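*Asks:* Checked TrEMBL, it gives:
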BINDING   B:GLY153, B:VAL154, B:SER155, B:ARG156, B:SER157, B:GLY158, B:LYS159, B:THR160  ADP binding site
There are 2 protein chains.
Amino acid sequence: MPQRTVFFISDGTGITAETFGNAILAQFETKARHVRLPFVDTVDKAHQAVRQINHTGVVDGNKPIVFTTLVNMDVLRVIQEGCQGMLLDMFGMFVHPLEQELGLKSNHRIGRFSDASKSKEYHDRIEAINFSLAHDDGQSNRDLEQSDVILVGVSRSGKTPTSLYLAMQYGLKASNYPLIPEDFERRQLPPALVPHRGKIFGLTIQPERLSEIRNERRPNSKYASLENCRMEVSEAEAMMRRTGIRWLSTTTKSIEEIATTILQEIHPERLVY
Amino acid sequence: MPQRTVFFISDGTGITAETFGNAILAQFETKARHVRLPFVDTVDKAHQAVRQINHTGVVDGNKPIVFTTLVNMDVLRVIQEGCQGMLLDMFGMFVHPLEQELGLKSNHRIGRFSDASKSKEYHDRIEAINFSLAHDDGQSNRDLEQSDVILVGVSRSGKTPTSLYLAMQYGLKASNYPLIPEDFERRQLPPALVPHRGKIFGLTIQPERLSEIRNERRPNSKYASLENCRMEVSEAEAMMRRTGIRWLSTTTKSIEEIATTILQEIHPERLVY
């Protein structure tokens, strides 16, 4: 079968080109080889990219697909003129109509992620990552009131990756707390959390799936046994219902879906833009 | 000044619509209000979205900009027919030409992130996040050989957020190790790392910036003093040169730029797709 190669070319990191390109390619049942060409920010590098693309096309016996997010017009022109692949110029397609509608010229600023390191938004994002790490798994009650979101749930219900995703993607300070036997006995949320009820969101999971996940970490333990998982999940769900916090099941959800749902429910104040 | 609102509509999480839309909007000096409408996966929800968009347009006195990544054609049609905003249909723009080129019909699969939770790729990504957390800050030498990347650098040079980003975005197992006075005295990398030299990447930072960052955490400490930061950075850079590992300065770089550069240099085996 002839090979097909997809290139992602950008004068910045290429993360936008790749994110969007992958979403488009997911619409097709095709296995293509992916090649990233980030930081293509000079005419020389553009010529080099063109040579690589055209050579690949010959070797594959198939036109390469080329997603670009280039704002440097000189670089883009070299690609447009020389490249024998199928060019999908993601910025060109949308920027021109937007210039018309907004009545503004685009600034051809390279890369959302360059210069970011000096911005307040970026600083807050790194702070949020550090905060979420320090408040992972109930490690600390310090500054808990600064949390934008507090996740609760039994061990391995998905709290940690979701907290980190909320911090990394949205700059939110996400704490997380495990629900443990002591909480079930007291039939109450961990006491430190009670003043922050509006920010609490619960994660639950099917006991069968939980047992699988826990068995990967601690095979044949009581911790991982289906019986124990059933008990913990049932206690945790009963507590969530009793305390009236919002919650969802993570069993078949990705961290992106969990995070998006939490944002819809919690509406964190800091996410104002 | 009249307000401008940007909508991101998707039948999935909307993360692709937002990532790409933000990259486009960054090309303009405009402050728009952002509204996410994720999980618009029925005709009813589409009608609701249309009402919200059109109402917003009237209130703003300005046409809303509407980025969509909709694969459900019935939903898209409702938006196309009813919406009085400026519609930027990100999938439609690219999917049709790709169908032609690939000779395939698109599968209209909703959302890259739905169903992801069952895939091996997703499982590996969650594993990578857990691995990177367990191997943060030299916490553990266990299974170190499983690392795809090992970051080294002085405390607060950016290792932790970069490791987590590599895990979250690319599913890479990224460990990180601080370089500490004992290493400088021995004039060698931490002994546990020596067998894995090919995977090591160094991060450094300007002493002035490092001192600023450390002062936020521990004001007026020796740890944060400019003199100490100068000494540590100079020792760390000398060691990186001496041992011949690849390294970069994070001072003005975002974690996205750092991660992209590391991938270009290290070429992790597992990132084969």
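Cβ atoms are placed via backbone N, Cα and C, with glycine included.
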*Asks:* Using DSSP with the three-state reduction, classify B:ARG156 (ADP binding site) as helix, strand or coil.
*Replies:* coil
*Asks:* Hey, which of our binding-site residues B:GLY153, B:VAL154, B:SER155, B:SER157 end up with a Cβ under 8 Å from chain A?
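*Replies:* It is none; no candidate comes close enough.
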*Asks:* What is the Cβ neighbour count of B:LYS159 (ADP binding site) at a 10 Å cut-off, with all protein chains included?
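*Replies:* There are 28 of them.
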*Asks:* Cβ-Cβ under 8 Å from B:SER155 (ADP binding site), same chain, 6 or more residues apart: which ones?
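*Replies:* In sequence order, the residues whose Cβ lies under 8 Å from that of B:SER155 (ADP binding site) (at least 6 apart) are B:PRO178, B:ILE180, B:ARG214, B:TYR223, B:GLU232.
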*Asks:* Name the residue among the binding-site residues B:ARG156, B:SER157, B:GLY158 whose Cβ has the smallest number of other Cβ atoms within 10 Å.
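*Replies:* Comparing Cβ neighbours within 10 Å for the binding-site residues B:ARG156, B:SER157, B:GLY158, B:ARG156 has the fewest.
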*Asks:* Which are the residues of the chain, B:GLY153, B:VAL154, B:SER155, B:ARG156, B:SER157, B:GLY158, B:LYS159, B:THR160 excluded, whose CB is within 8 A of where the CB atoms of the ADP site average out, their centroid?
*Replies:* B:ASN176, B:PRO178, B:LEU203, B:ILE205, B:THR250
*Asks:* Counting other Cβ atoms within 10 Å, pick out the least crowded of the binding-site residues B:GLY153, B:VAL154, B:THR160.
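*Replies:* Each of the binding-site residues B:GLY153, B:VAL154, B:THR160 was scored; lowest Cβ tally within 10 Å is B:THR160.
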